[in-house]
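Colleague: Just passing along the structure, written as structure tokens.
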């Protein structure tokens, strides 16, 4: 079988990948999983190999590459590509290869009941869709191809597309040997697309695994991959297929097949009856489709039912391949629902699968939190921050003349031909496109910050302007918002990248999330490459005592409340930007009365003489009291500033020392009055330190998204032991492993999970007691947050425990089956 020239999609599996390429292997696997795919066949890589070796093209390619590509400049790639591709075009197809392709095309016509069916001819390179390398459109696709001779020529042209300048440059950037690159070609029945698009089973920008992102446009899908139209975007929850986010873009043009002209035509989507009549005069068949389906520039290109059906298919694809996937799809107006939804391609999502986002992103330092003038806003497409001089280029030729290393490339859109110039850029800004456009995908892979879909960047930004592009927030600022220290660190990206890459391979993935505790914002630079999923506890007390130094009520009295807000926001943003998009759970202040008194100006406001501040006026009881509520509002405003003004939506909050539901309800109301409310991207947690939160966990769970166990305080209050008493500790009373404490944790997890809330732990216990970690994992805790020095050790321990649990369950299952 390995030497066959033609294979049909329904006889292909991933085992034949070297013969059929990634695209075809993915299609074959989807067919096996019962997923709707247009019928077709594959001209295998064996046919390509015979063509290039029997005609002498292979030797010609080797000679051209050695002689032409010397320094890696874009012009060298262009010259080599032109020579090689013209050689393909001039070389006739050997008769036996032509016969094999024609016979398969005729058979496809018989299968679909059309003598000369319209087909899509798509490249399927043998390394194109592997997890290690996403070529995202590096080779060509030809749509609505009809007739035997045309199909044969397009197969040959698809083979030649293995040698475009962009493909050559891309393989070099990933150190892929050109001699190992082979090309298969997929020939499929053409879909008559009413709508088409791309979807990811992981959020392509934030890496959230519980979301599906669907982008769609009218007509054929080439305009979404090429970024020629800014697509509609739908974000769907995997758990219940609820549509979480909808963004309808203006889609003023589309590509449709015109049967009267037998070619694809670009149309202006009509907004009025007059424009529809004009379209009917030029392209009557296309106008009929536009009118029948209510196609308008501002109308949604998908119905709610279609969004959910696409999401359902996406989950089915991900489950079959057992990894996040990047999927192309189309809706055929010639078919009836639900058979009209067809999947055209599925390949492994590459960026988050390699876990290189943290290493490749360039997060701002403390001083680099953007405060400059906002010039342009768009869709955040590739995370990171970079500064440079603007070069506006509307064509590849213009980019070739203007671009220098480190420039900010500004253009209407970037298709695959732009890759050599994207590699030269420090950042990319486009007028059009969405987060799944080709430009966004490649920018993420290359680690280049990108903002797409701005609408007018090419008009607002001028050549030579110094700007800062924040790809995480979708904003372009005036000037270079960076420090020299940040520049020096970015000049040595290989250090952080190397550490992150090593860690991603050495330390295992766990079902139980491993978070890290952090108190000093400056420490994040030392620890950001550790293998943790987020900050499970960010204490702000250090920021207040060291960065601010004053009692917040004193600052309010002096009219300097904004100073408190800004400094607290800076400290939080430093951490959140450094690990974006991983979450940062910020705990509101939890000073005791005596600690607040030590702040400058504190004596005036902390007059309460408490014998035991540990269980006194602290936590939420302080936030809702008139004597401190104005200060709490400053904390809330700082969080709002970080999330809304600076776009760091990965910042969540946590209330400490919660005693009752009514006090939490009042604190949440204050937060809402300041413009912060729980939502899909804003989680609210509470600390579990007081036994009342354990017993009433099911009630608290209706008000919050998660719980975090403060095991030190919880142990103190469950056992009635002063945590600071060395005398009682020596007697063995203070022990987080005490059965009463463990039972409290068990009750909490059961009650929280029954209401859909998550449970974490941020106390010292897991860092000290391995047996406590095992207890927590076996009880189903969602995450464990530990100090930086324990992250690696606890992650390994959790992975080991989870493996043991899996083996135990398999043994139990085997035992049950043996008794049947």
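Here the Cβ of each residue, glycine as well, is placed from N, Cα and C on the backbone.
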Colleague: To which of 539, 622, 633, 643 does Swiss-Prot also attribute binding of substrate at the site defined by 587, 689, 710, 711, 712, 713?
Modeller: 539
Colleague: Counting other Cβ atoms within 10 Å of each residue's Cβ, which of the recorded positions 710, 711, 712, 762 comes out lowest?
Modeller: 712
Colleague: By a 10 A CB contact count over all chains shown, which of the binding-site residues listed here is most packed: 689, 713?
Modeller: 689
Colleague: Taking just the CA atoms, what is the gap between residue 539 (substrate binding site) and residue 762 (active site, proton donor) in Å?
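Modeller: Rounded to a whole number, the Cα-Cα distance is 11 Å.
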Colleague: Using a 10 angstroms cut-off on Cβ to Cβ distances, just flag whichever of 539, 587 is the loneliest among these binding-site residues.
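Modeller: Among the binding-site residues 539, 587, the lowest count of other Cβ atoms within 10 Å belongs to 539.
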Colleague: Taking residue 762 (active site, proton donor) as the reference, which of 689, 710, 711, 712, 713 (the binding-site residues) have a CA within 10 A of its CA?
Modeller: 710, 711, 712
